[in-house]
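Some notes on the structure that comes next.
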Amino acid sequence: MSSSSSSKSTVQLSAWEQFNHQNHRQQQPSTTVGNVFIMPSSSSPNFARTQRHRFVPLALPGIRYAQLVLGTLYLSIILGCVICFNPAITVMMDISTSPLFNNGSLANQSAQDFAPSFLPLADRRFNYTNLQKSFLLAGTFGACLLQILPVGYAMQIFGAKRTQLFIGIAVSLATGLMPLAASTNFYALFVARMVNGLAITNLFPVVGAICTNWAPLKERGVFLAILSGYIQLSVIISMPISGFLVDKFGWPSVFYVHAFIGLSLSLWWALFYRDDPMAHPLIGHTELALIRHGKRPATVAKDGTFKHSQPPYRQIFSSASIWAIFCAVFGNFLIVQFFNTFLPMFLVSSLHYSNAETGLLSALPLILQFFVKWLTGFITDHLPSVKDINKFCTLFSACLTLFSRNVSPLDRRPLLNIGHCGGFFKSVVLVSAQFSPTVMAAVQFTLCATIFIFSFVVPAMTKNGGHFEEYRRVFWLYVCGADPAKWTQQTQKEQHNNAADKVWDSVGIVQQQQQQEKENGGPFL
C-alpha cells in the first residue's frame, strides 16, 4: 500500500470473499468502509465456501442487524414462555372466579376439587399450597442449575444455533402442554415447568456468541444493549399479551399463544441464523470485513470457519473483575426476579388491578429501561475519549422503586412504576472478549441460583393471600434494614458516653475561663 493509505487498516478476505471481489474487480477495484481498506488476499486457500455461495449471488446489506433483531426477539419470546406463567397462575389459583365457588366461606371449600374434567380448561382452578406454588416458581430455575453444564457442553460442540434451536422447540412445546399438565396433576405441571428451565440455561451464552461473532468492535455497545434487552422485551411483550388473553379468552390461551410464537421464531432461527458470519449466504464481503476488523485472531479450520481456543478457566475464575461481575448479577437479578415474578401478583392481590392493567403496568418500568439501555449502548460506542470504566450504570433507581412503593400511599401507586438498570453485561464483553460466552454461562448460573433461592422467600412472607401489609414487609426485606447489629450496641454506648464527657468538659472549661475573666476584671462575653 502507498504511504497515503498507511493510516488505513488492511483486512484479508476469505476464499469466497476473494472470489466475489475478483468478479467485481473491474467495476469496484477497492472498497473502503470507514477506516477499513479491503483488498484481496495474496494466499490461495481452498474454495470450500465459494461453491456454496455461487447458488446465492445476492448479497444483502445489514445482515448483522437482521441477526441482531432475530436473536433478540427469539430470546425474548423463549424467556416469555417462562414469564407468562406468572400472570397465568394468579388466575389459575383464584378460586373465587370458579363456577363451582359459592359465596360461603372459602375455608369450607378448600378441600373441594375446582378442576373437574367436565369443566372447560379456562374455568378450572387449582388450590395449590404456598409450598407447591414456590416449587412451581422455583422449579424452572432449579432445573436450570442442573442443565447449565450439559447445555454449555452442547454450545461448544454444536454451536449456538443448533443448541438454541433445540431449546426453543422444547420450551415452546412444554409451554403449549402446560394447560393439559395442570389439569392432570401437580407433578405433571412441575415437570413441564422444569422443561421450561431450558429456556434460561442458554440466554447469556447466546448473547455472548452473537456479540462476539456478529458485532463490529465499534458497534458492540449497541449490540450488547439490544441483545441484553431480551430481559426487558420478554416482559414488555409477554405481560400485556398475557393480561389481555387472560381477560378475554382464559388462562390456557396465554400458553397456546406463546407456544405458537415460540415455534414460529424457531423456524426463522433455523432458516436465517448462522453461528459464523462467513457461513451466511446473504452477507457481502464489505460487511464481513467490517465485522472481522480489529478482532483478535482465531484458529482457522479447514472449511474456512473460525474456531476460538479453549477458555482458560483457571485464569477466568481467579480474576477479581469476574467475581465483581458475579456480585453485580446477584444484586441485579434479586430485583429483576421480583419485578418479573411477583409484581403481577402484587398488583392483582394487593392493589386490585385487573389482569390487563397489571400487564401494562408490569411492562412500564421495562420499557423505560430498554430505551435507556439502547441509548447508553449507542453513547458508549460513540465516545472513544471516555474510558469504558466510566460508562457503567448502577442499581440506584431499582432501590428507589421498591422504597417508593413501600412508603407511598395507595392513591399514588401508578407513579411508582419506575425502572432499574445494570451495567454488568458490557463488563463481561469488555473483560472476557472472545471468551464472553464462557463467562456468560457462569453469569447464567449465578442468575439461576439467585432466583431459585428467593423464589421461596416471597411466598413464605405472603401466606395470607398477599395483602398490602404483607408486601410491605417484603419491600423492606428487599430494600434495607436500618437497625444496628448487636455487636455495635456497646460501642455506640461508649461513643455516647465519650461524647457526653467531652461536652461537659467543654462547659467546665468555658465556665472556668469566665470566672477568671470576672476576677481579673477583663471582658466578659
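Sequential numbering from 1, following the chain as shown.
Cβ from N, Cα, C; glycine included.
Since the structure is predicted, the reported quantities are computational estimates derived from the model, not experimental observations.
Pulled from TrEMBL, these are the features on record:
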- 68-89: transmembrane segment (TRANSMEM)
- 72-525: domain 'Major facilitator superfamily (MFS) profile' (DOMAIN)
- 135-153: transmembrane segment (TRANSMEM)
- 165-188: transmembrane segment (TRANSMEM)
- 194-215: transmembrane segment (TRANSMEM)
- 222-241: transmembrane segment (TRANSMEM)
- 253-273: transmembrane segment (TRANSMEM)
- 316-339: transmembrane segment (TRANSMEM)
- 359-379: transmembrane segment (TRANSMEM)
- 441-462: transmembrane segment (TRANSMEM)
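The transmembrane segment (165-188) is in contact with the transmembrane segment (68-89), judged by 3+ CB-CB distances under 8 Å for residue pairs 6 or more apart in sequence. At the 8 Å Cβ threshold, with sequence separation of at least 6, the transmembrane segment (222-241) comes into contact with the transmembrane segment (68-89) through 3 or more pairs. Beyond the transmembrane segment (68-89), the same-chain residues lying 6 or more positions past its ends with a Cβ under 8 Å from any Cβ of the stretch are 133, 136-137, 140, 164, 167-168, 171-172, 174-175, 178, 193, 196, 199-200, 203, 206-207, 210, 214-215, 223, 226-227, 229-231, 233-235, 237-239, 241-243, 246, 251, 254-255, 258-259, 261-262, 265-266, 268-269, 272-273, 340-342, 344-345, 355, 358-359, 362.
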